[in-house]
């Protein structure tokens with residue numbers, strides 16, 4: 001029975017269950033972090049299982065000989081064989097003592113069948129199988145092991161005289177210690193209550209969550225444990241120490257009873273914590289961690305320091321914090337007109353009609369004063385303006401102080417000289433029509449975009465380049481086609497060699513390509529230059545021809561008498577040599 005703590009026969013405690021109001025715990029055992037309790041009274045397997053669950057536990061699992069020894073101790077305290085339920089059941093199917101392992105096909109209420117122990121009252125060689133639903137009780141009145149608890153299969157609807165519950169806890173506390181040298185100790189007694197409803201005074205260990213009532217001091221203590229620890233300690237809701245005779249007043253180090261109220265003391269190198277009972281070493285802080293802004297250490301006195309604050313702050317009464325100084329309330333006023341305090345400083349403002357210039361409030365001037373707007377200046381703020389234009393005009397994008405004609409319609413009135421009504425101007429992209437009306441030029445109808453999509457707007461147009469251009473899908477007036485190299489074309493066909501065209505055979509005309517307007521202008525200029533050059537050459541040749549003819553006539557007239565004409569035969573004759 002290693003690791004078993006005998007808790008003795010405990011006083012009855014109500015389960016708080018209407019269906020099992022008569023069932024009361026009669027004993028309890030704790031092994032490490034598990035506690036087991038025996039409840040006496042008639043109950044079916046379902047009633048027993050629900051009763052354990054209401055107490056935050058479940059029917060007992062007997063996985064080792066240690067758990068079997070706990071059952072023996074609990075049953076030995078009863079004068080009759082209760083045959084209590086344990087947490088082993090066969091919901092459906094039949095058992096098999098030979099092929100289904102030590103549990104014969106049964107499983108624990110926790111949903112598994114892991115075990116290193118089994119003790120069946122029915123021998124394994126019994127041939128007739130038992131079929132579920134079946135549940136298991138333990139009894140000491142069996143033929144297989146008289147006096148030793150053995151497992152018996154029974155229908156789950158059977159009412160037994162008790163059941164065993166199992167509870168798991170992460171930590172536990174020792175019973176309260178009382179200082180026997182204290183004269184008051186002889187009159188002090190403690191009564192404990194466990195979370196699963198068992199109460200009494202004779203315990204070896206108590207699970208976390210148990211409570212202790214100490215009389216006649218009127219103390220109510222609770223077993224608690226920090227998260228992640230297995231060793232609990234007794235505590236109460238109030239801070240500070242309780243009576244030093246019980247559990248050292250809850251103090252971690254010393255309990256001082258020399259004063260009217262008990263007080264906990266800590267070693268010199270440790271500080272008392274907020275609960276008034278535990279001790280901890282102080283956290284060493286650097287000088288800068290002690291002051292809100294700046295800390296200056298005193299080299300002459302080790303451990304001493306002084307705190308300082310930034311500009312606009314002053315040191316608080318505690319000597320560590322820094323408080324903001326309201327500069328606006330300091331005399332004289334640091335601002336010429338309005339002052340607004342800020343954290344660590346202030347801001348100056350001026351009344352309406354004034355602006356802050358170099359720390360002074362000066363009266364605002366008309367923002368249009370000195371402006372160079374061509375038509376009219378319009379203030380937009382006390383310090384800014386914008387230029388506006390007459391109807392039919394708009395500010396130039398690159399020179400907003402100047403105006404240019406603007407028309408957002410297909411036709412608008414022209415800007416004519418009042419002294420010369422025939423002298424009129426139109427916005428760019430418009431043409432003067434009917435003397436005083438500017439009409440939009442439809443560049444799209446003039447083929448400005450060639451084969452690309454064209455969109456006309458008042459005074460302008462845009463081209464959307466086609467898919468066969470380098471800027472396909474983009475808006476541009478330079479939608480040049482993608483150049484195609486003839487030597488990179490691949491011949492496609494049936495695999496026969498290509499046939500070269502014979503001389504004189506007609507060939508298809510070359511595909512028409514759109515020509516850019518700049519190219520057309522260049523061609524026109526070159527053609528005109530060529531015509532002018534040809535005309536000049538023709539004039540030169542005619543002049544030269546006239547001079548030569550005059551010279552020839554003169555020569556013919558002066559040598560007419562000296563010329564002897566000789567008859568020349570035109571027929572061919574053979575000459576012999």
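Quick reminder: no glycine exception, Cβ is built from N, Cα and C everywhere.
Among the ranges 476-513, 514-551, the stretch that Swiss-Prot annotates as region 'Disordered' is 476-513. Ranked by Cα separation from residue 407 (disulfide bond), the recorded positions 113, 256, 291, 389 are led by 389. Note: the CA-CA distance between residue 307 (disulfide bond) and residue 444 (disulfide bond) rounds to 81 Å. Across the range of the domain 'EGF-like 2' (283-323), the DSSP-based residue counts are 4 helix, 13 strand, 24 coil. For the domain 'EGF-like 2' (283-323), the model's average pLDDT works out to 84.
For the domain 'C-type lectin' (31-167), the number of residues in each DSSP class (helix H, G, I; strand E, B; coil) is 22 helix, 44 strand, 71 coil. Using a 10 Å Cα-Cα cut-off around residue 449 (disulfide bond), the disulfide-bonded residues 291, 403, 465, 479 reduce to 465, 479. Most Cβ neighbours within 10 Å among the disulfide-bonded residues 287, 387, 479: this distinction goes to 479. Highest Cβ count within 10 Å among the disulfide-bonded residues 156, 407: 407.
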